[in-house]
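All remarks here apply to the structure that follows.
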Amino acid sequence: MKVDGIAYRTIWLDEDGWSVRIIDQTKLPHRFVVTRLTSLAEAAHAIRAMLVRGAPLIGATAAYGLALALRADPSDAGLETAAATLMATRPTAVNLRWGIERVRARVQPLAPAERAAAAYDEAAVIADEDAAICRSIGEHGAALIRAAAERKGPGEPVNILTHCNAGWLATVDWGTALAPVFVAFEQGIPLHVWVDETRPRNQGASLTAWELVKHGVPHTVIADNAGGHLMQHGRVDLCIVGTDRTTADGDVCNKIGTYLKALAAHDNGVPFYVALPSPTIDWRIHDGVREIPIEERDGREVSELTGLTGDGRIETIRVTPDGSPVANPAFDVTPARYVTALITERGVCAASPGGLLALFPERAAVGV
Ligand SMILES: CSC[C@H]1O[C@H](OP(=O)(O)O)[C@H](O)[C@@H]1O
């Protein structure tokens, strides 16, 4: 997407042909910083410390992380160590495993001397595929926004609530939950986005809001706890969120707080859509609440806040009493029964085994 008129992706190969450029998302919204990954360790750190985040971007970064690793050590042992190092960075987004397995399958059969080039090539294919997939999600999702606009009548904006950041910053380009917003906005459909701040890391307030400001999309940042109230008062026409792992039965794992929004949407008859690229589907599991590993992150993400001071400095403060224990589960699971539909690159389907297999029949052949 464009940042001040310049087209960016979130990850790309440097001009040197081997190091990898990323947007350091821990610096947004106040600083736009592009940094360079030159090793497996730096790629792993970028994922773990959330310089890059979002399931599809995690997968693409892992793919490039393997390429960087194989450039240094293309042996079987080197490959396995690199895969294990990257797998250990974050447990929830299935795209991490998917990206690693995708590159490993490509390079494993090759002679060590051929592996790095093949890994870079596969990482580039993954990145290009993700951008195309997300654009397609945008087209399919924009049709839902258009239908809501037609129901509301001319001039009335469609009010869309989203949680966390599932925009182009969470992918290689376009985004998942925000892709329909960008496409509908470009089609001239009147819309407005309620942006959940998304405690504790505030991906909504710091990343989604930044994306929408840069793209000129009308939006309002709200406290996470305001969403149910807005739905009760008819001020939300539909919700669109992303996901880090969706099961073969349509259960959706996403940023903490998503489940609560889905409950409020269900109680108020507000359509609750989940946008996802097919690499985010974990066909191996069915019961999301019981089978999806939920990342527990550092409690300081809850007990501390980082922001811009009045004189332009970035400072961190503590908001809890010294000595208060803190828990910080980073994701939750929304059962399929609370999901109106899934928006994929192949179209919109029910959050159910039948709905998913109708769009991905090849999965039936392999027993999902
Ligand atoms: C398109 S994936 C977006 C997804 O990833 C975010 O998690 P995190 O920022 O911790 O990587 C969040 O769950 C988003 O919905």
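Any Cβ shown, glycine's included, is placed from N, Cα and C.
In TrEMBL, annotation is done automatically, which means it is predicted and not curated.
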Write down the one residue from ARG21, ARG90, ARG284, ARG290 that TrEMBL lists together with ARG53, GLY54, ALA55, GLN203, ASN254, LYS255 as binding substrate.
ARG90
Within 8 Å of the centroid of the Cβ atoms of ARG53, GLY54, ALA55, ARG90, GLN203, ASN254, LYS255, which other residues of that chain place their own Cβ, given that this set defines the recorded substrate site?
ILE58, THR92, ALA93, CYS164, ASN165, ALA166, ALA170, GLY242, ASP244, ALA330, PHE331
So what sits near ASN254 (substrate binding site) in its own chain, CB-to-CB under 8 Å and at least six residues off in sequence?
HIS163, CYS164, VAL241, GLY242, THR243, ASP244, VAL274, PHE331, ASP332, THR334
What does DSSP say about ASN254 (substrate binding site): helix, strand or coil?
strand
For LYS255 (substrate binding site), the number of other Cβ atoms found within 10 Å of its own Cβ:
28
Conformational class of ALA55 (substrate binding site) under the three-state DSSP mapping
helix
